[in-house]
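Pulled from TrEMBL:
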BINDING   Arg48, Thr49, Arg98, His122, Gln125, Gly242, Pro243  carbamoyl phosphate binding site
BINDING   Lys76, Arg155, Arg203  L-aspartate binding site
DOMAIN    2-135  domain 'Aspartate/ornithine carbamoyltransferase carbamoyl-P binding'
DOMAIN    143-279  domain 'Aspartate/ornithine carbamoyltransferase Asp/Orn-binding'
Amino acid sequence: MKSFLKIQDLNTNELLNLVDKALEFKSNKNIVPLEKIVANLFFENSTRTKNSFEMAALKLGLKCINFDSATSSLSKGESMFDTCKCFESLGVDALIIRTKDDEIDFSLDIPIINAGSGKNHHPSQSLLDLITIYENFKDLSRLKVAIVGDIAHSRVAKSNKAMFDKLGIKTYFCAPLLYQNKDFIFNDFDEIIDEIDVLIMLRVQNERHEKSDVNNLSMKDFSLNEQRLKRLKDNAIIMHPGPVNWGVEICANLANHEKMRINTQVKNGVFARMAILDYCLRG
Ligand code: CP
């Protein structure tokens, strides 16, 4: 039995094996049904990750229970941990958990899959990002990636940093002062934009701010606009974990640009999550 809690728990081989497995599933190979039941326990909102895990489960022959936090006994004071214990006692084979907490710091007798925890971890997003990058470039060794936006509050930035560090991928971080934190070294976006292969734009994570920047004004000088787009290398790609606030971190008229890989990321998310479910449930 294996949980999938954070990128830091995986070694490089495990990461690359998950990429291979996901690409095998993407080419419709070696899909051996699993006769088990998983539960999607989302204690924070989601469109992509929740439905992607359900899609992945269905494609693997799993049954998936979708817990609805709004109509659950959370409203009667039940804790997240007790809710998870309840599903373990109900007899499900694995839990897929999204939480506002930065860490999932408990274990159960069944695998736990982290579908995004607070500001710190989003390992399934990192895996689908890696698959998308690998499909484009194959050779990861000389790649340069820039992650731009609300780094301080982004679990994608932290998970991806951990993953890119493991793989020896050079990563730059660019953010307005308000969205910087001490764990990163920051670069000037306009100084590095010509040399990067992968640009990952992030939205402002207002839901995790102590002081809300509701107008997203701080992103104004860091958005991807036409001028910056022109400076990207010919074969560079643009990614974003979603949801996108068009007109804030990326100009709305660039939505369908050929460099955009946002829809490919969503597509790859299903295969990444199939690989994760297979890793946790088949062992
Ligand atoms: N990328 C991502 O986690 O999106 P959702 O919040 O919609 O799941």
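Positions of Cβ are set from backbone N, Cα and C atoms, glycine also.
Feature map: TrEMBL annotations on the structure.
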residue : record                           : DSSP class
Arg48   : carbamoyl phosphate binding site : helix
Lys76   : L-aspartate binding site         : helix
Arg98   : carbamoyl phosphate binding site : strand
His122  : carbamoyl phosphate binding site : coil
Arg155  : L-aspartate binding site         : helix
Arg203  : L-aspartate binding site         : coil
Gly242  : carbamoyl phosphate binding site : coil
So which binding-site residues out of Arg48, Thr49, Lys76, Arg98, Arg203, Gly242 are up against ligand 1, CB under 6 A?
-> Arg48, Thr49, Gly242
Name the residues of the same chain, 6+ apart in sequence, whose Cβ is under 8 Å from the Cβ of Arg48 (carbamoyl phosphate binding site)?
-> Pro241, Gly242, Pro243, Val266, Gly269
Residue pair Gln125 (carbamoyl phosphate binding site), Arg203 (L-aspartate binding site) - Cα distance, angstrom, rounded | 15
Of the binding-site residues Lys76, Arg155, Arg203, which sits closest to Arg98 (carbamoyl phosphate binding site) by Cα distance?
-> Arg155
Densest Cβ environment (other Cβ within 10 Å) across the binding-site residues Gly242, Pro243 belongs to Gly242
Counted with DSSP (H/G/I as helix, E/B as strand, rest coil), the domain 'Aspartate/ornithine carbamoyltransferase Asp/Orn-binding' (143-279) has 59 helix, 22 strand, 56 coil
By DSSP assignment, list the helix, strand and coil residue numbers for the domain 'Aspartate/ornithine carbamoyltransferase carbamoyl-P binding' (2-135), in that order.
-> 61 helix, 24 strand, 49 coil
When each of the binding-site residues Lys76, Arg98, His122, Arg155 is scored by other CB atoms within 10 A, the minimum falls on Lys76
Residues with Cβ closer than 8 Å to the Cβ of Arg203 (L-aspartate binding site), same chain and 6+ apart in sequence?
-> Gly149, Asp150, His240, Pro243, Val244, Asn245, Val248, Glu249
Taking every residue in the domain 'Aspartate/ornithine carbamoyltransferase Asp/Orn-binding' (143-279), what is their average pLDDT?
-> 95
